[in-house]
Amino acid sequence: MSMEKKACDFTIFGVLGDLSRRKLIPSLYQLDKAGLLDENTRIIGVARHELSQEDFAAKMQNSLETFVKKGLDPKVMKRLLGRLHYVLINLDVPEEYKQLEEVIDQEKRVLVNYFSVAPSLFDDICKGLDHAGIVTPETRVVLEKPIGRDLASSQEINDTVAKVFTENQVYRIDHYLGKETVMNLLALRFANSIFTTNWDHNTIDHVQITVAEEVGIEGRWGYFDESGQTRDMVQNHLMQILTLVAMEPPVNMDGDSIRNEKLKVLKALRPITADTVEEKTVRGQYSAGFIKGQAVPGYLEEQGGNPNSTTESFVALRVDIDNWRWADVPFYLRTGKRLTTKRSEVVIYFKRLPHNIFKDSYKKLPRNKLVIRLQPDEGVEIEMMNKVPGIGKGIKLQKTVLDLSFSDAFSGERVADAYERLILETMIGNQSLFIRRDEVERSWQWIDTIQNAWAQSSEPPKRYPAGTWGPVASVALLARDGREWEE
Ligand SMILES: NC(=O)C1=CN([C@@H]2O[C@H](COP(=O)(O)OP(=O)(O)OC[C@H]3O[C@@H](n4cnc5c(N)ncnc54)[C@H](OP(=O)(O)O)[C@@H]3O)[C@@H](O)[C@H]2O)C=CC1
Ligand SMILES: O=C1O[C@H](COP(=O)(O)O)[C@@H](O)[C@H](O)[C@H]1O
């Protein structure tokens, strides 16, 4: 895969919206600053408001001043603003896409269309682009989450896009795949023989994946209450982390090599049905509590909320992967809003040793543990046993931690935001960090089975006070198997 810069007409539909202002424009600035944008790359903003080119540039400058946190470089900002073009289109009016046709230049530049709008507009945009005759085999389309709320709606969205774009033109975003540490899972697993040879049911006891959030729903009641934490976080981000931890080695780094292996894991997930849902899942909803000493309202009291909502803001799952590598190795997943702290990590618990020759010092030798800290304080730690130095007292053991903090090991390296990496990959044309249609749909199929099982149960989500680790029942989920969450 060539990493050469390519001149693009990077077109943002919904350029005045929240995602574009907060993430996309600042990421493009960072790419420009790092010298990763071709000198002929342009940024074409599409929205439905009357704006002069100058007014548009002023708005984008405001976004940069607001959202680029440190060291906004006036020279880079000027260069970036010089790349901007504004095009007014009512996205639901196909005739208006002619204006875009007049601006773009596909002889010199690859057209990348970023749909930073609700999925209900995808159909209109695809038709509009088609109507204007500007879709060539080189044209790309970037789709934001959510790709549906279940299998049927995701198929509908994918079918809509497929009428105009082939799969190798479609880049479905999951911003977790753009995170440095999530990508590092590949390096850790496939560039270190100690892990490649110790990564299955022979050596691993179980795996825990935690994505804990401190934030609540941030004023997004309308979206979140329809969705819940399972659709919002598990179907996409946690499933992606799980597949990267569990997949077989891909033959190379090509987009499809990796995605084929991830798909196989999704296909091997044991369904959680009405028969097993009580034993394998826990749903929670936060009540009022304290986050870092600050009082915060409960989910039902959030602005715009419905006091009778049974939407979950927390979920914990025991996931079994029915394949050779992972037989009898459960993966425990949990994610929630308003938890004690923001922390995402993967913890691999290795099996206990079959025999303990150090009984006099340590009655029960603990399991070795590999902790992969995804965010914040990114790093990798290994918990292991060592002898305490000293003579005359026999062998005394102590649990010790080998801790590699990325900020220390790679100090001086700026950690790029996930969107910077993903935008760059769309320009280069590398699909490996984007979700293929069959992955999205397989993942929804598995989630739908759980949602259906919950729908059949009269059990509401369990309440947990904001600022805790979720409902006590999630502790019981592991305790039943003689295990406990990493705290
Ligand atoms: N915001 C975020 O952090 C994230 C967002 N997403 C997804 O990204 C997408 C965009 O989200 P977000 O930016 O928050 O949404 P916004 O509502 O802030 O932005 C959407 C933009 O689309 C424009 N728009 C709507 N209808 C039309 C139309 N008919 N013609 C032209 N423009 C139109 C709106 O313009 P107007 O102002 O005129 O109404 C608005 O500026 C959504 O699918 C969301 O789920 C995904 C992850 C994170
Ligand atoms: O996609 C989403 O992700 C965020 C969490 O992302 P992170 O990068 O801060 O870990 C989550 O808060 C949001 O609800 C969800 O839509």
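Placement of Cβ uses the backbone N, Cα and C atoms for every residue, glycine included.
Because the structure is a prediction, the values reported are computed rather than measured.
Quick look at what TrEMBL annotates:
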- 12-184: domain 'Glucose-6-phosphate dehydrogenase NAD-binding' (DOMAIN)
- R48, K145: NADP(+) binding site (BINDING)
- H175, K179, E213, D232, K337, K342: substrate binding site (BINDING)
- 186-486: domain 'Glucose-6-phosphate dehydrogenase C-terminal' (DOMAIN)
- H237: active site, proton acceptor (ACT_SITE)
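Structure coloured by features recorded in TrEMBL.
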residue : record                       : DSSP class
R48     : NADP(+) binding site         : coil
K145    : NADP(+) binding site         : coil
H175    : substrate binding site       : helix
E213    : substrate binding site       : coil
D232    : substrate binding site       : helix
H237    : active site, proton acceptor : helix
K337    : substrate binding site       : coil
K342    : substrate binding site       : coil
Listed binding-site residues with Cβ under 6 Å from ligand 1, out of K179, D232, K337: none
Annotated binding-site residues R48, K179, D232, K337, filtered by Cβ under 6 Å to ligand 2: D232
Recorded positions listed as H175, H237, K337, least Cβ neighbours within 10 Å: H175
R48 (NADP(+) binding site) as reference: those binding-site residues from D232, K337, K342 with C-alpha within 10 Å of it: none
Cβ atoms near E213 (substrate binding site) (within 10 Å, other residues, all chains): 19
C-beta crowding around K145 (NADP(+) binding site), within 10 angstroms: 17
Recorded substrate site residues H175, K179, E213, D232, K337, K342, farthest C-alpha pair in Å: 20
When distances run from the Cα of the residue listed as 'active site, proton acceptor' to each of the binding-site residues H175, K179, E213, K337, K342, the nearest one: H175
Site of maximum Cβ density within 10 Å, from binding-site residues R48, K179, K342: K179
Per-residue pLDDT averaged over the domain 'Glucose-6-phosphate dehydrogenase NAD-binding' (12-184), given as an integer: 96
Neighbour count (Cβ, 10 Å) for D232 (substrate binding site): 24
Separation of alpha carbons, K145 (NADP(+) binding site) and K342 (substrate binding site) (Å): 22
C-alpha spacing of K145 (NADP(+) binding site) relative to K179 (substrate binding site), in angstrom: 16
